[in-house]
Amino acid sequence: MTVPTFPPNFLWGASASAFQTEGAFDTDGKGPSGWDAFAAQPGRIKDGTDTTRGTGFHEHYREDVALLAGLGADAFRFSISWPRVVPGGSGALNPAGLDFYDRLVDELCAHGITPAPTLYHWDTPLPLDEAGGWLNRDTAYRFAEYAGIVAERLADRVPMWITINEPAEVTMLGYALGEHAPGRTLLFDALPAAHHQLLAHGLAVRALRAAGAGNIGIALSHTPVWAAGDSDEDRAGAEIYDTLTNWLFADPVLTGRYPDEGFAALMPGPVEDDLKVISAPLDWYGVNYYNPTLVGAPRAEALDSFSGYAMPAGLPFGIREIEGYDTTDFGWPVVPEGLAETLGQLRDRFGDRLPPVYITENGCAVDEPVADGRRIAFLEGHLEALRTAIDAGVDVRGYFTWSLTDNVEWTEGASKRFGLVHIDYETLRRTPKESYAWYRDLIRAQRTGGSGGVGAHTR
């Protein structure tokens, strides 16, 4: 397979997040995050990985920026640790924490790489988590304060901003099912966490623009939802899941409305006024895509593990396994055409309201230390699907693979490896994989008007 040519000026990048890579969890005044506390609980990290080290990015960031430069990457999507900048979540600023991101941005700029920071990638300051976290409306206002602080310092050199990453996952895994920090098991009573993250996004857009920042987007996860069968029960289950995971977040951001009056009625506060804030105009829209989801009628029994997470009984939908496709080490089906399907759904649903799109995450967990042919095949297939979507009229401006290096994959620890670069967690040595060379040569070929593919790269 050969990857088709993409439009001129298409942006090529790679991604990472603070909790998963930085380490230095208590260095230079950083405060604890909810994830620090959650990961310290016995049994939370399935393979026992010490999450406090991450990949040592805080110490090795210059080495990782050099790896990005070697790729020829146009941009690096990283996240800023809120508790590193504002340890208490509000109040006193930690100058040393902000200095670290100042140095990182300068290092990226010195190599001609666009810094694309995400302001929130799940690491809420622990004092805010202990006060209710995203169930507490005040957290949204504290987030906006923090966004303004960061922008005041970095906006002169940062031309691309992401407010929040995947609020659907925070709501479902952190507040509804208890599989992620802060470990709450509220089921549908978790919906206020969704609303307050969306409000935080809208308030942050205001704060960023007030501080002179521009080119602002959000990174939302999207999954095509396939009904498990033709029965009314299967279709109803799929529709509920589709609403919860896709449109409960995209619709307020892009249209200023919730997709279902029933869900809107469950949201706290002055919802109509909040929606005016939430739907502040964006410059672009980020899509995180990994796989479709097969959903049907509710299950009578709990599901011990789906994609690594327990699913309780009593939900109004039942998730099924998709058969007939290769799978990643997470058990996720590899369905490249699902990316084109997702982008087509966004185009059809929102029309002119959909801003230019960037793929802000796409990648796979494959435990192939250096010779990672499965990852290369995954990327090839998804980039071909992305080109199909562009040809069908979706305005896609760039692609960030997840991820630059292997990282701490939340509760999975070091057992799930997404990186183009292998991390030895004992020594923190970085070793580029074959996919790194493949992606490097793809980027080179795109810039010369050619295409890239397996066998096209040199070593």
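Each Cβ is built from the backbone N, Cα and C atoms, and glycine gets one as well.
TrEMBL annotations:
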- GLU166: active site, proton donor (ACT_SITE)
- GLU361: active site, nucleophile (ACT_SITE)
- GLN20, HIS121, ASN165, TYR290, TRP402, GLU409, TRP410: substrate binding site (BINDING)
Pop the Cα-Cα gap between TRP402 (substrate binding site) and GLU361 (active site, nucleophile) into the table, whole Å please.
5
Under DSSP, is GLU409 (substrate binding site) helix, strand or coil?
coil
Whole-number answer please: how many Å between the C-alpha atoms of GLN20 (substrate binding site) and GLU166 (active site, proton donor)?
15
Measuring Cα to Cα, how many angstrom lie between GLU166 (active site, proton donor) and HIS121 (substrate binding site)?
8
Can you check what DSSP calls GLN20 (substrate binding site), collapsed to helix, strand or coil?
helix
What is the set of residues, excluding GLN20, HIS121, ASN165, TYR290, TRP402, GLU409, TRP410, whose C-beta falls within 8 angstroms of the centroid of the C-beta atoms at the substrate site?
SER17, TRP122, GLU166, GLU361, SER403, ASN407, PHE418
Have a look around ASN165 (substrate binding site) and count the other CB atoms within 10 A of its CB, chains all included.
24
What whole-number value in Å do you get for the largest C-alpha pair distance within GLN20, HIS121, ASN165, TYR290, TRP402, GLU409, TRP410, the residues recorded as binding substrate?
18
Check the DSSP secondary structure of TYR290 (substrate binding site), expressed as helix, strand or coil.
coil
Take the Cβ of TRP410 (substrate binding site) and count every other Cβ within 10 Å, whichever protein chain it belongs to.
24
Long-range same-chain neighbours of GLU409 (substrate binding site), Cβ under 8 Å, sequence gap at least 6?
GLN20, ALA365, SER415, LYS416, ARG417, PHE418
